[in-house]
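Down below is the structure, laid out as structure tokens.
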Amino acid sequence: MQTAAMDPAEEPPSMLWGLDPVFSAFARLYIRDILEMTESTQVPGIYFYNLHPISKVDVLGTVVYKREREDFFCYGVDDGTGVINCLCWKSDVLKEEREPSKSGAQLGAAAQGGFDPVAELQKLRRAQRTRCRLEIGELLRVRGPVKTSRQQREIKASTYYKVSDSVMAVQISWMMEAPQLYRQCYDKAPQLEPDAAGDSAVSSLSRATKILKDFLKQKSVSRFRPYDVQDLLQPLISSPPQAASADQEPVAGPSACQQLRQLLKEALQILQDEGAVYRKVKSQDEVYLVTVQDKDLLVAVKDVIREDSRREKYVEKGCHVLHILSAVRQRYSLNVSRAALELVLKTLECNSDIISTSDSHYTAI
């Protein structure tokens with residue numbers, strides 16, 4: 001393959017790469033995307049996916065070909081989107097042709113039922129050999145940096161091992177997590193140059209949101225009003241500047257009370273956007289319900305899925321999340337957002353009340 005180089009005008013400066021958390025992590029990309037990534041013109045060995053700098057990846061797939069040399073294995077790994085070459089160096093244990101023999105004293109200790117450290121060490125070595133020697137058709141997980149050798153993209157494994165997955169639980173979990181990672185991270189352009197002027201406001205808002213989340217979780221709060229949590233954010237509000245002398249007029253600006261109310265309003269809006277809280281009825285009495293603590297909402301969603309999944313239309317695949325959302329809004333509250341519903345679905349699935357049949361379909365157990 002010809003390695004595509006990125007346009008220097010589009011490539012973010014290397015000094016900003018560390019601001020992207022993807023740069024220091026093992027990226028769980030599809031093999032197709034790993035093969036199609038563009039290489040950096042600033043630093044060889046660094047690649048870009050949607051402007052995210054990628055140096056190392058995490059891949060799970062089936063071995064479709066293998067070659068063995070004295071010092072390494074070469075596995076072809078297929079995850080369903082493409083095939084990539086993985087260079088896996090042998091450890092000293094794998095290079096040993098023969099296992100050390102036991103001494104007479106050690107054999108005697110083993111015969112008498114005592115602990116034999118040599119025998120246990122040999123068991124560990126045999127287990128390691130089994131995990132690192134794979135055959136075609138077996139499942140392999142590989143982590144390591146991406147390299148281009150002889151115009152071929154490959155992974156030089158820093159860690160690799162055979163995955164035992166007789167019921168395909170690991171593969172199903174992997175296939176469900178990958179689309180979420182793409183939606184939440186890889187497909188979003190990185191924010192490497194935040195607005196310096198807005199840093200302070202953004203920092204205060206993020207801290208306020210975290211304080212509210214921690215309070216609701218630690219206290220297991222099910223419902224609250226804004227004035228119940230307002231004092232929690234008081235330490236984040238700076239006091240207004242004082243006049244330097246009696247002749248000097250104070251600086252005009254919002255009062256501390258106004259700043260506090262505005263900060264609380266914005267933090268609560270973020271919690272609503274994330275689905276962590278919602279208002280069942282919008283009225284002058286602002287009552288917020290904590291989504292995962294609202295037993296009535298959990299029961300309403302579970303009842304919708306249990307009743308509708310029996311209908312012929314939904315028996316095979318289950319109920320789509322948009323159908324569930326529409327039914328819950330009709331039967332329970334018009335103000336339930338999709339984000340809140342997804343939190344409820346996740347909670348019910350963790351409690352084994354429902355099961356997801358695909359990425360967006362659910363049925364009752």
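Positions of Cβ are set from backbone N, Cα and C atoms, glycine also.
Automated prediction, rather than curation, is the source of TrEMBL annotations.
As annotated by TrEMBL, domain 'CST complex subunit Stn1 N-terminal' applies to 45-94.
Summarising the annotation, TrEMBL assigns domain 'Stn1 C-terminal' to 200-365.
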Limited to the domain 'CST complex subunit Stn1 N-terminal' (45-94), I'd like the whole-number average of pLDDT.
90
Please list, for the domain 'CST complex subunit Stn1 N-terminal' (45-94), how many residues fall into helix, strand and coil according to DSSP.
3 helix, 33 strand, 14 coil
